[in-house]
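> The annotation active site is assigned in TrEMBL to TYR144. Sequence annotations record features per position, and here TrEMBL assigns Fe-coproporphyrin III binding site to ARG130, TYR144, PRO145, MET146, ASN147, LYS148, HIS171, GLN184, SER222.
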Amino acid sequence: MSEAAKTYEGWYAYHDFRKIDWNKWKSLNPSERQQMIKELLETIREFSTVEDDRQGSFGQYAILGHKADLLFIHLRPTMDELNEVKLQFDKTGFADVTSTPYSYISVVELSSYTIPPDVDPLSDPAFRERLQPILPKTQYVCFYPMNKRRLGDDNWYMLSSEERRRMMRSHGLIGRSYAGKVRQIITGSVGFDDWEWGVSLFSDDPLNFKKLVYEMRFDEVSARFGEFGPFYVGCRLTDEGLSDLLSKNIKG
Ligand code: 76R
């Protein structure tokens, strides 16, 4: 049996994807819509205040393509708080005109592959802060869930820790060559959701997502072991941007 990798967990994560029922939304009268936008913005402002006292983080994005229209990412210290957030949103009038094509539950995770065995990373405040990250305020976000393959000779979980460490070192080197261009938040979801990890990437240029993910495809750990779920890409929304998205260009 090979030894399990040591992991460190931080804030819990809820990726809440929403699709807007535009027919339903447009059938409301303008004052109803205005009222719902007002209530939505109040709720969202409450969500984002957690960042002021570092009790979590919140981000909102417009998702491209047919898979979803909106993504709300919540990071919170406990699962109970994520549940509160879910109920609070679902009780708004706006939630009634949305459906949830996808969601993802996970927890911010750092693994010890690149940490020397005699070092306690939790004594490093910078490491602890990475477990409780404020979502980067970049213009673009990319999210996808993934697994490490368990098939015949390509079974990640049967490899020795030395072999896994060697591959993760190479992975980290590619990742770090994108320093300043792409920020990643890896969240672990074994036991919580259908895949083993959620990958959330943040950048001011969406091409960086394509280039980074493509380069990693050629790296051994992704080439041999990476299995990927659906990909989502989106643009960050300010409160005003969200309000515009819902109200601009609607006739009547
Ligand atoms: O060296 C270090 O300090 C951190 C090294 C590091 C680890 C341990 C690292 C760096 N990652 C780690 C763990 Mn990563 N990462 C992904 C994907 O599309 C694909 O092929 C894979 C999806 C991307 C794009 C990415 C980016 N990473 C992990 C894990 C957990 C594995 C485990 O425990 O078995 C997964 C699933 C994963 C997947 N990685 C980096 C990046 C980037 C940009 C970096 C460097 C920046 C940084 O350190 O934050």
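The backbone N, Cα and C atoms fix where each Cβ goes, and this holds for glycine too.
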> Using a 10 Å cut-off on CB atoms, tell me which of the binding-site residues ASN147, SER222 is the least crowded.
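Relative to the other binding-site residues in ASN147, SER222, ASN147 has the fewest Cβ atoms within 10 Å.
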> Counting all other Cβ atoms within 10 Å across every protein chain shown, which of the binding-site residues ARG130, HIS171 scores highest?
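Answer returned by the neighbour count: HIS171.
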> Could you check which of the binding-site residues ARG130, ASN147, SER222 have their CB within less than 6 A of ligand 1?
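Cβ under 6 Å from ligand 1: SER222.
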> Across the listed Fe-coproporphyrin III-binding residues, ARG130, TYR144, PRO145, MET146, ASN147, LYS148, HIS171, GLN184, SER222, what is the farthest Cα to Cα distance, given in whole Å?
23
> Rounded to an integer, what is the Cα-Cα distance in Å between TYR144 (active site) and SER222 (Fe-coproporphyrin III binding site)?
14
> Counting Cβ atoms within 10 Å across all protein chains shown, which of the recorded positions TYR144, PRO145 comes out on top?
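It comes out as PRO145.
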